[in-house]
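Asks: TrEMBL lists these features:
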type	residues	note
COMPBIAS	108-117	compositional bias 'Basic and acidic residues'
REGION	108-128	region 'Disordered'
DOMAIN	164-249	domain 'APO'
REGION	271-301	region 'Disordered'
COMPBIAS	287-300	compositional bias 'Low complexity'
DOMAIN	334-419	domain 'APO'
Amino acid sequence: MSITYSTLSWSDAGSLSAFSPKIVPFGIPMNQFLNPSSSSSSCFGFSASLQGSIRLHLDSRLVLSKRSKALPFVVRSDHPQNADAPKQYSKREKKPFPVPIVDLRRAARERVKNNKDKPKRPLPPPKNGMVVKSLVPLAYKVYNARIRLINNLHRLMKVVRVNACGWCNEIHVGPYGHPFKSCKGPSASQRKGHHEWTNSVLEDVIVPLESYHLYDRLGKRIRHDERFTIPRVPAVVELCIQGGVEIPEFPAKRRRKPIIRIGKSEFVDADETELPDPEPHIPPEPLLTELPPSEITPPSSEEETVSLAEETLQAWEEMRAGAKKLMRMYRVRVCGYCPEVHVGPTGHKAQNCGAFKHQQRNGQHGWQSAVLDDLIPPRYVWHVPDVNGPPMQRELRSFYGQAPAVVEICAQAGAEVPEQYRATMRLEVGIPSSVQEAEMVV
């Protein structure tokens, strides 16, 4: 039985003086619950004045306020109606630490205190040089999800228009660019912040973030004079390689016995001569490859476009979720001043940081722990409420939402938006049809 009420009223407002807000069920008729003189008072054991401290833990989340006579419903939700996109830090700002330095030092002191006068425990993988075997299938899934994402985006971008500014790195998903004056490229003041929209490529949607490939993740740090001799690969691919993916072009050292520590930062490899010959590696699933440009074809029908968009969105979520799990075991470092990423326990020594005040650091990076958005930047763009409707208006900028470029492309192609992106896209917020209507919004 479900009963819906728009407002609630008390017959005796004085009875609320010593009565705290309660949660009222849908299953109980509201007039019987609120009227002390009704038969429901005897049925539920309530006195005429509703005395005592009685708390009803029931299913509905309707809060009765004692400050007003007309009591409206208060609907509670675990997801906010709208939210702002993550803050974009300027080139003069340093990225904040994921965990404050004070908390890190406090945790280190507690760890030293707890481990005092205790025997040293053997290091778990991957700190002992071995691969975490339980995460090898996940590494293959992340690698294949990235390949599927790239191949599907090549096809979707042939039916969904993606515009790129010719002067800055901003992009917009839609039949034409947005009217906002947010260009910060060269000669932006002469153009009064207006963008000059051109065609885009896949690298505008997925940021090509690369890192050095490590043959031995526990080996010596990369020196400055070695920066051109060591190959660079996409950061997600390097994370998958260290997680157990075997790629012939980028070999990695696979130990079969843990290392032997002889100092705080020194170790030797264990003797593996008595071990039998290693068996040939059998991947959990075959590795996918990127489609050549000649095989990239647009979807032939609307149903195929929607299905392709759903698959692309699923690959995007699978890649991010899998990479987040891998980062818990395999450390990833990021520079606090520039986008440089290094997959490994410690950052490299290449002095190629060109961010703000890099002269004071002699070009060295300020390494800190990376988060998921440092490894896979989401690249937020403006959400178009209606692709076939009127164009976006500059005066209504505060009403529009934002979403990652991949999510916006899939949404315009017909895919259902996941719940975690609805708040930033502001799908539940009404957009005024004109500036005059927006001025009347309280």
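From the backbone N, Cα and C atoms, a Cβ is placed for every residue, glycine too.
Predicted, not measured: the structure shown is a model, and the values here were computed from it.
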Asks: State the residues, same chain only, that lie 6 or more residues beyond the ends of the compositional bias 'Basic and acidic residues' (108-117) and have a CB under 8 A from a CB inside it; answer 'none' if no residue qualifies.
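Replies: For the compositional bias 'Basic and acidic residues' (108-117), the list is empty: none.
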Asks: Using DSSP, how many residues of the compositional bias 'Basic and acidic residues' (108-117) fall into helix, strand and coil, respectively?
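Replies: Computed counts for the compositional bias 'Basic and acidic residues' (108-117) are 7 helix, 0 strand, 3 coil.
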Asks: What is the three-state DSSP composition of the compositional bias 'Low complexity' (287-300), stated as helix, strand and coil residue counts?
Replies: 3 helix, 0 strand, 11 coil
